[in-house]
Structures are given as C-alpha cells and as structure tokens.
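Here the structure comes first, spelled out in structure tokens, and everything after it is commentary.
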Amino acid sequence: MRVAVPHRWPVDRAEAEAIQDRLRPRVRVEPDDAPPPRPRLVAGLDVAYAKDDERLAAAVVVLDAATLEVVESVTTVGRAAFPYVPGLFAFRELPTLVTALERLTVTPDLLVCDGQGVAHPRRFGLACHLGVLTDLPSIGVAKQSLVGDHADPAPQRGAWSPVRDAGEVVGRALRTQTGVKPVYVSVGHRVSLAAATDLTLRLAPAYRLPETTRHADRLSREALRAALGTPA
DNA sequence: GCGACAG
DNA sequence: ATCTTGTCGC
C-alpha cells in the first residue's frame, strides 16, 4: 500500500514536537454514535529492539477480522530513527514501520498500533501519526498509560473506565480478560472511542493483548533474531 | 525542586 | 524496549 512518507525528519525534540503539532489537526475522531466500522482486514504493528538499542525489526501482520487468521505479514529491519523520549516515541520506529506497510500487497481496513493514539500530551501518539500518514482508520492499544488519570475498571472482561487528561476523555482503561491488567485504548484516526473499544475486545478473545499485536510482536522478534545473526 | 514518563 | 530461571497459582 502507499503511504504519505514524511519529507523532513526531526533532529531534536523541538522539531519533533512541532511536527506533531502540525499534523495534529489532520486527526479525525468519530463521535461514539457514528456507524461502527466493519473492517475485514485488520493490521497489527510492532517493533522489536536489539539490546544495543539501535537496530530494530518491525512487523506488520494482516488478519482476517472474522477468523483472526493471518492473511499477510511483512517484516523489515532498520535502525532507531530517534532516541526514546516519552511523547516522541513514534519517531523512533515510524520509518521502519512505514517501509513495512509499503511492502504490503493488501490494504488493511484498520491499523492496531502498540502504543497510544490521542491519549498523548499533544494528542498525537503513534496511532494518530500512522493513521494520518496512511489515512486509514487506526487505534492505539497500549500496555501502559502515558497521560491522564483513571479508575481501576471492574474485574470482568469488557469493563472499562475513562482516562481523563486536562479535563477531557482521551481513552479507556479496558479489561480484555477477567482478572487481568487492563490495556489502554485510544483513538488513532477515523474511528470513535466506542468503536476502538469494541474492536479491541473482538481482537482479544483469549489473551490480554489483541491477536494483531501478539502476531506482530512474535514476528518482529523473529526477524530481529535473524537480522542479528547476519550483522550489517 | 520532585515525580512521571507509550516502547 | 531489553537483560533473565524459576516459581507461585489456577
């Protein structure tokens, strides 16, 4: 698929934040009463890092939303494009993830990202960034919270509590499995928070994390191992 | 000044 | 994220 590749890459924090502020207005958040999306192909994206914190491998895995079976997968190796700074995390892995997306022969109907969407200091986390670059619906499903406060959701699968930051609801702490730590769901692009929640639950029928993320996590680690075996 | 801080 | 074995519990 085609991706609107960023032309200028930030060299420091100020430039990176400026890019986020410039792209932020392009994010489209659907209202919760909007017609729910019915994606047929859902893509999971993840990145594995080498211990030297520089080389990395990205994986994009496309699943059939109905059966959760793998339709296609792509892996790419690269190098960290930015130091890790909370809030600027996307700049680390964006180039390698975009390369992987461009090698996809099918176009997914939804991107499920391993990180935040609008639950971000400038309301522009990785899921928003990838959503805007591809103009595809996207959601963020993070294992940890980045901003805001929330109550602990009830222990049952499906229970959730809003994540509020600076007076606005930016995401949900969602229990995908009874008695298991919640995940943090937020809108990336062209979806509602209600739909993002519903999709996350559907994609996580048996484990805490969505099957999309689990597949991408495993494949990115395998690709990294293979790449490290052949030092560049 | 102190603590928090996606992956 | 990554470094890492066994171990407690359902």
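Glycine residues also receive a Cβ, built from the backbone N, Cα and C atoms like all the rest.
Under the heading Mg(2+) binding site, TrEMBL lists A:D46, A:D114. Marked as site 'Interaction with target DNA' by TrEMBL: A:Y84.
For the binding-site residues given as A:D46, A:D114, the lowest number of other CB atoms within 10 Å of the residue's CB is seen at A:D114.
The distance from the Cα of A:D46 (Mg(2+) binding site) to the Cα of A:Y84 (site 'Interaction with target DNA') comes to 15 Å.
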